[in-house]
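Database features, via TrEMBL:
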type: COMPBIAS; residues: 1-10; note: compositional bias 'Basic residues'
type: COMPBIAS; residues: 11-22; note: compositional bias 'Low complexity'
type: REGION; residues: 1-22; note: region 'Disordered'
type: TRANSMEM; residues: 85-102; note: transmembrane segment
type: TRANSMEM; residues: 114-131; note: transmembrane segment
type: TRANSMEM; residues: 176-194; note: transmembrane segment
type: TRANSMEM; residues: 206-224; note: transmembrane segment
type: TRANSMEM; residues: 230-248; note: transmembrane segment
type: TRANSMEM; residues: 260-282; note: transmembrane segment
């Protein structure tokens, strides 16, 4: 009788001392989730990588080309251009695809950081939308991308001179603030996703043929992104962080899965293309003047206005 009364007063006495009834179950479940995350391997996301690569080429790389191809009469200079509509679509589709990519990660990623990164990405891309729209419209008036704002023929003689400061502010929003708020969260999201692309099975550390075919257009696009966006330092830092993570995980006998290999090979190809691009234009005196810093990475559109459009 006394033993039964003690059990009714202290229901946890029958188990381990000081442990709540469901604690052992929750601990076991938590350990099981961790084990599943370590052992889980996602198949190659051909659909998401294909859509992401396609929309990058069409909506980002193709944006300024569309502005030059479509007749100016269809999109007057005081209205949004076709490239602006491309940019608006990019600002919606890219965050959606990044969120879908994060959802398929075999590892649970920090949700708060993901949400803040996506919000910052959208804000930065939207700032860039406005600045880039005005900048590309100025090209129709004779603005030359290979020159600085104050050296441009259509800008340097403006009166009052404070107008030049306004154009430099617009350039700052476009090329510095917009790019930073756009690309830093973009690469951060890719790195966080990459951190979950490891498997304990070495046999699963390989890429299907479709992934190998996508590496070339993917790496080529990131070359455009790094050079035109002037984000070589951010890119190389991300790439080296990925390599360091691979070496760290290799000590734990964890290997990259197909999605991680796809990202790593795409970035490796990008680095190779950037090195070849810089080597090709190393002795260009005009571009050297515009990019005087230690890190010399000319923009493709600056090269276009200097060496291609000036001939026509």
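Cβ coordinates are placed from backbone N, Cα and C, and glycine is handled just like the others.
For the transmembrane segment (206-224), the most Cβ-contacting stretch among 85-102, 230-248, 260-282 is 260-282 (pairs under 8 Å). Just going by CB pairs under 8 A, the stretch in 114-131, 176-194, 230-248 that sits most against the transmembrane segment (260-282) is 230-248. With a cut-off of 8 Å between Cβ atoms, the residues of this chain six or more beyond the transmembrane segment (230-248) that come close are 175, 179, 183-184, 187, 190-191, 194-195, 222, 256, 263-264, 267-268, 270-271, 274, 295, 297, 299.
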